[in-house]
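Mind having a look at this structure? Questions to follow.
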Amino acid sequence: MACSNPKQVCIIGSGNWGSAIARIVGSNALRSKNFDERVTMYVYEEMFNGKKLTEIINETHENVKYLPGRKLPPNVVAVPDVVEAAKDADVLIFVVPHQFIRTLCATLLGKIKSTAIALSLIKGFDRAEGGGIDLISHIITRHLKIPCSVLMGANLANEVADEMFCETTIGCKDATAGPLLREIIQTNYFRVVVVDDEDTVEVCGALKNIVACGAGFVDGLGLGDNTKAAVIRLGLMEMVKFVDVFYPGGKLATFFESCGVADLITTCYGGRNRKVSEAFVRTGKSIKELEDEMLNGQKLQGPYTAEEVSYMLKIKGMEEQFPLFTAIHKICTGQLTPKDFIDCIRNHPEHMVKTCGVCLSLPQ
Ligand SMILES: NC(=O)c1ccc[n+]([C@@H]2O[C@H](COP(=O)([O-])OP(=O)(O)OC[C@H]3O[C@@H](n4cnc5c(N)ncnc54)[C@H](O)[C@@H]3O)[C@@H](O)[C@H]2O)c1
């Protein structure tokens with residue numbers, strides 16, 4: 001049934017994934033009576049071939065820098081001022097690289113509707129004050145005082161933009177918000193499963209980028225598919241253990257949703273973190289140099305997430321329990337060489353135990 005007050009949607013971010021999701025949200029908003037047709041998209045202003053990116057997007061309906069060759073629906077309006085874009089929104093979709101989230105929240109504080117709900121598509125963690133890590137959805141909720149659900153999955157942006165079939169996972173505890181979020185996101189090629197295990201969904205989305213760096217090292221070292229499969233499996237076991245230790249109450253079943261195994265696999269075969277990590281081994285250049293050279297303004301997540309995770313593991317004296325995450329961080333930062341990688345995981349705790357204690361302690 002049509003809603004008397006159609007909900008306004010704002011997308012905060014306009015990179016590769018932000019633009020791909022804007023294609024979906026824009027066309028769903030046009031179709032659904034529950035949403036206002038006009039969708040605003042906050043675009044961090046930059047010049048492209050001498051012209052403002054927002055002007056190009058609004059004139060050509062194409063994000064020529066971050067998603068060239070794919071059109072955006074004309075009802076998606078690029079706005080360079082984040083407050084202007086977000087102030088009337090009922091649904092705020094956050095999709096910026098995680099390093100920008102605190103600044104954006106500070107800018108938006110007190111300037112948005114108090115009844116708004118958020119959906120974070122951001123994969124990564126931030127450092128918590130006083131040690132440990134902060135989930136991005138928790139930062140959004142704490143700073144803006146609105147509930148924040150998450151969307152993560154095996155969703156390489158270019159393939160989604162080309163409308164190739166895939167699945168995604170929304171983590172949402174609120175039984176009213178879940179169906180609304182699904183309605184604005186789901187299409188016949190982008191299938192949504194809603195689960196209530198929000199934190200596990202988000203942790204999977206962040207940690208898989210670390211494992212993707214390991215997969216890239218394997219490719220750069222010229223090791224085979226068996227080795228890569230071992231790295232993916234050990235990575236998955238560290239992801240499960242991480243949730244078990246730091247987010248108790250998470251469900252093992254969530255790892256079998258798109259946000260878990262599926263996203264891990266796609267990221268370890270496609271995706272920028274794998275690609276740059278392979279080049280890191282082959283060229284000997286730094287991660288930062290390669291990010292600038294290879295990604296045309298797009299941001300890497302894996303090495304930064306590895307740094308945040310290692311920072312916390314070190315404080316807690318738990319590095320040895322997560323040797324894959326730890327080795328990847330040390331390689332990215334030059335404390336170890338890529339050739340050391342396999343030696344670091346040769347005697348992984350997973351090889352030392354007969355049964356998987358981690359899995360047994362997580363509820364199904
Ligand atoms: N690309 C994918 O395939 C994909 C898929 C799923 C999730 N994600 C996640 O989505 C999030 C956004 O990634 P993306 O691919 O849309 O971005 P991106 O890396 O393609 O682009 C970088 C974006 O950051 C913006 N930016 C640069 N400086 C900024 C600043 N100071 N303040 C605010 N914005 C600034 C740029 O304008 C651009 O929009 C990330 O957390 C990523 O992990 C990406």
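Glycine is no exception: its Cβ is also placed from the backbone N, Cα and C atoms.
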Among Arg127, Arg182, Arg191, Arg272, which residue does TrEMBL annotate as binding NAD(+) together with Gly13, Ser14, Gly15, Asn16, Trp17, Gly18, Phe100, Ala157, Lys299, Gln301?
Arg272
Using only what TrEMBL says about substrate binding by Arg272, Asn273, identify which of Lys123, Lys145, Lys173 is listed for that site too.
Lys123
Are there residues of the same chain, six or more positions away from Gly13 (NAD(+) binding site), whose CB falls under 8 angstroms from its CB, and which are they?
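Long-range Cβ contacts: Met41, Tyr42, Ile93, Phe94, Val95, Val96, Leu121.
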Please state whether DSSP places Phe100 (NAD(+) binding site) in a helix, a strand or coil.
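Looking at the DSSP assignment, Phe100 (NAD(+) binding site) belongs to a helix.
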Enumerate in sequence order the recorded positions Trp17, Lys123, Lys208 whose Cβ-atom distance to ligand 1 is under 6 angstroms.
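Near the molecule: Trp17, Lys123.
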Return one of helix, strand or coil for Trp17 (NAD(+) binding site), based on DSSP.
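Once the DSSP labels are grouped into three classes, Trp17 (NAD(+) binding site) ends up as helix.
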Just how spread out is the NAD(+) site if you go by the largest Cα to Cα distance in Å among Gly13, Ser14, Gly15, Asn16, Trp17, Gly18, Phe100, Ala157, Arg272, Lys299, Gln301?
19
Which of the recorded positions Lys123, Lys208, Asn273 has its Cα closest in space to the Cα of Trp17 (NAD(+) binding site)?
Lys123
Should Asn273 (substrate binding site) be counted as helix, strand, or coil on the basis of DSSP?
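Note: Asn273 (substrate binding site) is helical by DSSP.
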